[in-house]
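In what follows, a structure is listed as structure tokens, so that the remarks can point back to it.
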Amino acid sequence: MARKRGRMTRTGWFVLVLSIHWILLLQCCCVASWMYLGVASLAGSVHDDTCSEVPGLVREQLEVCKDNPESLLCISEGARRGILECQSQFRFERWNCSTEKNYTVFGPLLRKGTKETAFVYAVLSAGVVHSVTQACSVGNLTDCSCDMSRYGEADVEGWKWGGCSDNVNYGLWFSETFVDAPESATQTGRNIRSLMNLHNNAVGRKTVEKLMSRQCRCHGVSGSCAVKTCWRGLPAFKDIGQYLKNCYERSVRLAGRSKRRLRRKEKARRREPITNEELVHLSRSPNYCRNNPKRGILGTTGRRCNRTANGAESCDLLCCGRGYNTQVVRHVERCRCKFHWCCYVECKTCETLVDIHTCK
Amino acid sequence: MAGVVLETLSNRKLLILSVSLVLILAVFFLIGGLVAPAPNSVIPSTTVKCVDADNIWQKGEMKPFLPRGKGKCDSIDHFSDPRVAREGIDANEIVFSQWMPLPKDGKQLDMSRWFQNMVSVIELDLTYNSQNKYPEDRDAHMVLETRVFYRNKEDDVKDWKLLAASTEHRTLQCSIENDNRQDGKRYQCDLLPFFELGTVFYDFYLINIRLPIDKRTDINIIGQLDDLAVVVIFQNGGFTKVWFSIKTVLFPAVVAVLLWFWQRVLTEGRATNLTERTLFSLGIILSIMNCPIEWLTLVVSMPFMTLLNDIRDGAFYAMLFSFWLIFVGEHMMDQVERNQLKAYWKQLTVVILASAACFIFDMCERGVQLTNPFFSIWSSEVGAIAALGFIIVAGISACLYFVFLCYLVFRVFRNISSKRTSLMQMSSVRRKYYSGLIYRFKFLMLVTLLCAALTVISFIIGQVSEGQWKWGDEDLSLEYTSAFLTGTYGMWNVYVISLLCLYAPSHKKYAADTVDETDTNSREEEVQLTQMASESSNIASFISKQAAD
């Protein structure tokens, strides 16, 4: 009996060690894994069995993908939106949200819990909410739930009693299930870093909800306002990006010691709870000036800068004091276009000579 | 004259009656708040951008463009799609399409006849583009070519039939804050009215919209349009069921009370007086409003139902206002002979004017919508001015009415206080008569004020609760808007029922109470009082009687 128990514990240990190995393996290879869908869609290569082709999706994510392959298109669209918005918000900064073509997407950069990492997690999580909600309202994603729980009706036919809930609820739920899955999957090895990611994901989602616009329509007797119906509309993704960029600038540094709870590093405000309007980060950002492939930093050499501006895009700041080269380039572009509401009809081509300054 | 039931009722009975009526009232509010869902639901949807490469639409063919499912149109996800530039897709070739309702939980939902009506608006996502700006210096004129198709579940998938088609003009108003003027930001645009259907008779509705461009004109020059959203609002099936049930219960109840009332009046064996006739008409109009002919909408397509309901509601309120006027006038106690509709023509003109203005406005909007559901009186300049005119006329008349009514009430109260002082000097029958009149009047004033206050309060609560939009968290158990609607509807019914009960002529006679006073004077007086139903005597006889006393 005792021998048997001993053998069992030994097997138990073996399994445990193996699973820890597996988890660690998973953790280091799957940083930013699902985010790859965003770059993949940039190359335009997402198809229905991409599920198995994207490496590093955790079990929960694979399940979502297999259950509902069409949702994968939404996720990739959401990630793409997030990445493009990140690049647009950071186009003048030293770190310009550049992506790599491989599965890691942002390179080794996301391994460190910097402010930039925080922004990337938040904006991509928001991107998924945005694109899933939109897909629901277009009717592309048929799995969006009607959610009749308010009236205790589980049946789809229950919608005839009291209508369906807002699409954004499904978007939020979906983003939480899918985007948070890699962090929640490591329950056993739950650490401050995954708490940071979870919090930043939540900030991204909350931002979408917060920025939603509200429209109302009166339709009582003779069109009077005795009866008024209101609904919520998605904000432009640009607004979400801008809001999160402001959050990024005010991001809160966390005390690294606490393993279970998020606490501020700043001693004076330690008692203050962290709200879901604040991004959080663990480590200080590097200055992103010099190329460092090991840490995923491209450096600012070769970036275009603005000689006359004062902000982050100014040559002084962007080039980290290394100076800049000036080139005169003949610029050919479409100009004086005549547009209709969707598309331009005819344009002229203009040639201009532009001074281009690039960092040394 | 015999008093009404109210005067002869003992306090205990009156109390029991009031309490039970208040309880019924509470039940109406609770049914709305707890049983019924919100009165309306909304489906906000973004349209699919179909490409009509062969210009089928422009050739005049009524071909439906489907956003999904079998026979789905050739579509693009967004206008920045490289395909647009590559194939030279033109604005004239884009058809915005949506199939209502949307799919949920993996199934295509379908509409229900219980939804009763459907209102739709268009929301435009105009994006700021420094090269292609929205013309902020002038109104943007839009032309929408619209088609709505319908299909039933059991029909063939391709068997979409045309419900309505039209070319509509709308004026768009958008703005953007100065610090938002950067590419990718969005304009704030007013909603565009789209269509209103008085019945939801079919299972599926397919909406197709085209925004044509003509180089020679400035129509549809609106900057960069990213998305076009169609928002559909309809009455919830659950609310309709509750509403129908309330009407079905109230209709026979009011008719029964009404018949009892009229039979009571007729058994008096004298000519009916104006108050009684007005009250009877009020009951009839209420019964017409209650009459649950809506049940037919489940079997037959009745697009005029919304209009009819508006008219029924309007007629009831007009009648209620007239009733108040006449009732107050008949209790004036100023020795002026009224008892005829003629005496009130000035005040009634105001009521008629107000309701006529509302009626014409409604006919212009919802009446025309019967033939063209896309019609909106507000979309054309002349129409908007006319509509505003009608509303102003109605508003002024309503104000005038309330001034009249307040003035009359004020006069009644002045007369009451002057009567009070002389009440003690009157003979007992005369005193009973006047104190009865005063009591009746005060009771009605109290109940009416209570009802009006309750309506206003619940309306405000409804608006405020609507204003405090619950973000995400949806654990509210009380539907204020539904409670307001069913509550006020039930309340005015209870109001009329209680008036019919309490103001019906009483069997009990004053004479029975006043046995000890058998002098000729009072008997003679009684005869006179009975002859002149509203007010007893002219000044001369009044003075002579006082002199005789």
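Positions of Cβ are set from backbone N, Cα and C atoms, glycine also.
Taken from TrEMBL, the feature domain 'Wntless GOLD' applies to B:49-235.
If you look up TrEMBL, you'll see B:236-507 marked as domain 'Wntless-like transmembrane'.
Cβ atoms under 8 Å from those of the transmembrane segment (B:14-36) belong to residues 6, 236, 238-239, 242-243, 246, 458, 477-480, 482-487, 489-491, 494, 498, 501-502 of the same chain, restricted to positions at least 6 beyond its ends. Taken from TrEMBL, the feature transmembrane segment covers B:14-36 (among others).
Taken from TrEMBL, the feature transmembrane segment applies to B:242-262 (among others). Within the chain, the transmembrane segment (B:242-262) has long-range Cβ neighbours (under 8 A, six or more residues past its boundaries) at 28, 31-32, 35-36, 279-280, 283-284, 286-287, 290-292, 294-295, 482, 485-486, 489-490, 493, 496-497, 500-501, 504.
Away from its own ends, the transmembrane segment (B:282-308) comes close to residues 113-114, 116-117, 196-199, 201, 240, 243-244, 247-248, 250-251, 254-255, 257-258, 261, 315-316, 319-320, 323, 362-363, 366-367, 370, 492-493, 496, 499-500 of its chain (Cβ-Cβ under 8 Å, at least six residues beyond either end). Under the heading transmembrane segment, TrEMBL lists B:282-308 (among others).
Residues or ranges marked as transmembrane segment by TrEMBL: B:314-332 (among others).
Sequence-distant neighbours of the transmembrane segment (B:344-363) (same chain, 6+ residues past either end, Cβ-Cβ under 8 Å): 307, 310-311, 314-315, 317-318, 321-322, 325-326, 329, 338, 377, 387, 390-391, 393-394, 397-398, 400-401, 404-405, 408. Here TrEMBL flags B:344-363 (among others) as transmembrane segment.
Through the fold, the transmembrane segment (B:383-410) approaches residues 321, 324-325, 328-329, 332, 346-347, 350-351, 353-355, 357-358, 360-361, 364-365, 376-377, 445 of its own chain, all at least 6 residues removed from its boundaries and within a Cβ separation under 8 Å. Taken from TrEMBL, the feature transmembrane segment applies to B:383-410 (among others).
Summarising the annotation, TrEMBL assigns transmembrane segment to B:441-462 (among others). Long-range contacts of the transmembrane segment (B:441-462) within the same chain: residues 6, 29, 324, 327-328, 331, 409, 412, 416, 480-481, 483-484, 487-488, 491-492, 495, 498-499, 502-503, each at least 6 residues beyond the stretch ends and with a Cβ under 8 Å from a Cβ of the stretch.
What TrEMBL lists as transmembrane segment is B:482-504 (among others). With a threshold of 8 Å between CB atoms, the same-chain residues lying at least 6 positions outside the transmembrane segment (B:482-504) that come near it are 4-6, 9, 17, 21, 24-25, 27-33, 36-39, 239, 242-243, 246, 250, 253-254, 257-258, 260-261, 264-265, 275-276, 279, 282-283, 286, 290, 316, 320, 440, 443-444, 447-448, 451, 454-455, 458-459, 461-462.
For the domain 'Wntless GOLD' (B:49-235), the mean pLDDT of the prediction comes to 91.
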